[in-house]
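Chemist: According to TrEMBL:
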DOMAIN    8-216  domain 'Aspartate/glutamate/uridylate kinase'
BINDING   LYS12, LEU13, SER14, GLY15, GLY55, ARG59, THR162, TYR168, ASP171  ATP binding site
BINDING   GLY54, ASP74, THR135, GLY136, ASN137, PRO138, PHE139, PHE140, THR141, THR142  UMP binding site
Amino acid sequence: MSKPAYQRVLLKLSGEALMGDDPFGINRATIERMVADVAEVAKLGVQVAVVIGGGNIFRGVAPGAQGMDRATADYMGMLATVMNALALADAMRHVGITARVMSAIGIEQVVEPYVRPKALQYLEEGKVVVFAAGTGNPFFTTDTAAALRGAEISAEIVLKATKVDGVYSADPKKDPHATRYENISFDEAIAKHLQVMDATAFALCRDQKLPIKVFSIVKPGALTRVIMGEDEGTLVHV
Ligand SMILES: Nc1ncnc2c1ncn2[C@@H]1O[C@H](COP(=O)(O)OP(=O)(O)OP(=O)(O)O)[C@@H](O)[C@H]1O
Ligand SMILES: O=c1ccn([C@@H]2O[C@H](COP(=O)(O)O)[C@@H](O)[C@H]2O)c(=O)[nH]1
């Protein structure tokens, strides 16, 4: 059998994708499917760090946050990602994966704080590390946290697992004529204002020469195909 294309990856899991077909929250079957995908690549010996979003619970820029102080709303959003991280780690435990949740904001009674050398140690021990609370700062997103943590842990690639199967010329959920790129440069994605990831995340990855692969977490087997270096999703490159 061929070898994985990567030894260490940063997997960004969409919070919204956790909802499955539900209107909000965590859909049990969906989280179990996602975790099974992660288990498959972890068993290949790939070191997996995860950043989980919070869009299924709360976004600082959502209508529900209207009228709120933006920073307060953003802290609520970050706390939402902690809930998702706990659910994810628990679901991993059920399938025999040892996961450690590390939070960017101090809530030590709940999860341990993010300490870079400790995260690296866990990865080397074969544990899955789930980074919670984004960057720990308001006015950012978990996509930027994925770029940041990916760079910090020297991941070879950021894998953005989302509900669409790649980067399109426009939002495919809104424009039926949008076409998918097989690959695209950071500069072009930024210049064209492609909204699949925020520009801060794109710029950080570009500056750190950290490629991003955007692919569907809904498509069975897609994560393993990406890890094996097969043709899947869209590569965003320098
Ligand atoms: N040019 C584009 N190509 C692909 N997707 C796009 C594009 N523009 C906008 N999108 C949208 O970007 C979304 C990215 O989804 P995703 O749920 O991962 O976002 P997110 O904000 O990172 O999620 P969460 O905050 O819940 O983690 C897709 O659902 C897609 O509809
Ligand atoms: O570094 C960060 C990360 C996230 N937030 C807030 O949390 C929500 C949820 O994150 P998503 O990336 O949208 O899933 C986000 O909308 C922000 O409100 C943050 O402030 N800082």
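Along the chain as shown, the residues are counted starting at 1.
The backbone N, Cα and C atoms fix where each Cβ goes, and this holds for glycine too.
Looking at the shown structure, what environment does each listed feature sit in?
Modeler: Take the CB of GLY55 (ATP binding site) and look out to 10 A: across all protein chains shown you find 20 other CB atoms. Look at GLY55 (ATP binding site): DSSP puts it in coil.
All protein chains included, ASN137 (UMP binding site) registers 16 other Cβ atoms within 10 Å of its own Cβ.
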Chemist: Show, in sequence order, which residues other than GLY54, ASP74, THR135, GLY136, ASN137, PRO138, PHE139, PHE140, THR141, THR142 on the same chain lie with their Cβ within 8 Å of the centre of the Cβ atoms of the UMP site.
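Modeler: Neighbours found: GLY60, GLY77, MET78, GLY134, THR144, ALA145.
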Chemist: Can you tell me which of LYS12, SER14, THR162, our binding-site residues, come within under 6 Å of ligand 1 at the Cβ?
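Modeler: Checked binding-site residues vs ligand 1; flagged SER14, THR162.
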Chemist: Work through the binding-site residues one by one (GLY54, ASN137, PHE139) and name whichever has its CA nearest to the CA of THR162 (ATP binding site).
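Modeler: Sorting the binding-site residues by distance from THR162 (ATP binding site), the top entry is GLY54.
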Chemist: Roughly how many Å separate the Cα of THR135 (UMP binding site) from that of GLY55 (ATP binding site), to the nearest whole number?
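Modeler: That comes out at 15 Å between the alpha carbons.
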Chemist: Including all protein chains shown, what's the count of other C-beta atoms within 10 A of the C-beta of SER14 (ATP binding site)?
Modeler: 23
Chemist: Cβ under 6 Å from an atom of ligand 2: which of these binding-site residues qualify? The list is LYS12, SER14, GLY54, GLY55, THR162, ASP171.
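Modeler: Result: GLY54, GLY55.
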